[in-house]
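Encoded as structure tokens, the structure appears first; notes follow it.
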Amino acid sequence: MDIQALLKQMVDEKASDLYLTAGTAAQIRVDGVPRPIGEPLEADELQRAAHSLMNERQIRDFEFHLECNFATDLTGIGRFRCNLLRQRGMVSMVIRRIQASIPDLEEINLPLMLGELAQARSGLVLVVGPAGVGKSTTLAAMLNHRNKHCHGHILTIEDPVEYLYKHEKSVVNQREVGLDTKSFSSALKNAMREAPDAILIGEILDADTMSYALNFAKSGHLCLASLHANTSREAFERITNFFEPEMRSQILYEMSMIMKGVIAQRLVASTDNKRVPALEIVLPQPEICELLQNAKLGELNRKIEDSNHKDMMSFDQALYKLYIDGKISREEALRQATSATDLDLKIRLNNSNSSAPPISQTPSYGCSDKKDPRKEIEPEKQSLGGGIRLDLEF
């Protein structure tokens, strides 16, 4: 087994993932579709291949924990994120290709307003979605937009570091868990001492990390993070479920005060046999803030659908726009829809009346300099009350 040849094939075919498991052929995933390559793999050759990608520290870590995450650069081939695990007593690997350069928002069909969110002075921006939909790439494109347009200090805490940033207008410090810091908790506890203007948390997995994210945003920093959730509603529900029941309404209230945006992302099949992102975008409009403050998450999708803000949209509205723009087929739009019946009716009405206006996605939402819609909330509701307090050291 030639692991470097397999990784080069990944790059040549622009595959997103490579799966290596003993007893079956390697599989690569291209445009979301996996296919086998080569002969079934032997357990011993797979273990040798895994060790060839790791340094001594990573090998010891894997032998102790029986799993390991790391990123590796192979000269002349590319950069990859590797996950090693044991199954049935044998080594398996899942390897993701990381693009050599950080793409611009336009390159990956993302709206420019995400760049405006990334330039906010403070607040919380979440990019959510299931595994493999490009959350890391979206966050990298957003953060690099800030890097190119804003002076300051950007601090990232990742496990592992994926995209490598150049120092442009901002100084960028990237800390990898296990290499540059002992743990997420240790890095987050000391982050304030490092005077960042923007902080990227690779992934929020627990109440401790979420509490730090909230406090960073409340203390005047911009915090960007990813979270595993299929929709924005699921994201809010997962966040509250990190905490004890008596704290959940307070968490939603604080989210309403510091949220700059929640972007839920999917990848859908495009008409050119590739994939294109479909985004549900939630912004801190007064009706959304009020809904969060009253913990009425069941009404969130309707509020998004009914909003007249040109940059806020539901998944079905995003799918409709992609269909109108000719980027996805009607069949794919309906297959991915939250309500296929409603979307089908909307498409039929559009086809019978070509003057029906498509949803605009013209970016104009200014996060740092323009009017903050949350200031329309009554003054007595601006107080955060007790909130969450951590021992954040300055």
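The backbone N, Cα and C atoms fix where each Cβ goes, glycine too.
Bear in mind that TrEMBL entries carry predicted annotations, made automatically and left uncurated.
Residues annotated as compositional bias 'Polar residues' in TrEMBL: 349-365. As annotated by TrEMBL, compositional bias 'Basic and acidic residues' applies to 368-381. Here TrEMBL flags 121-246 as domain 'AAA+ ATPase'. Summarising the annotation, TrEMBL assigns region 'Disordered' to 349-394.
The helix, strand and coil residue counts that DSSP assigns across the domain 'AAA+ ATPase' (121-246) are 50 helix, 32 strand, 44 coil. Averaged across the domain 'AAA+ ATPase' (121-246), pLDDT in this predicted model comes to 97.
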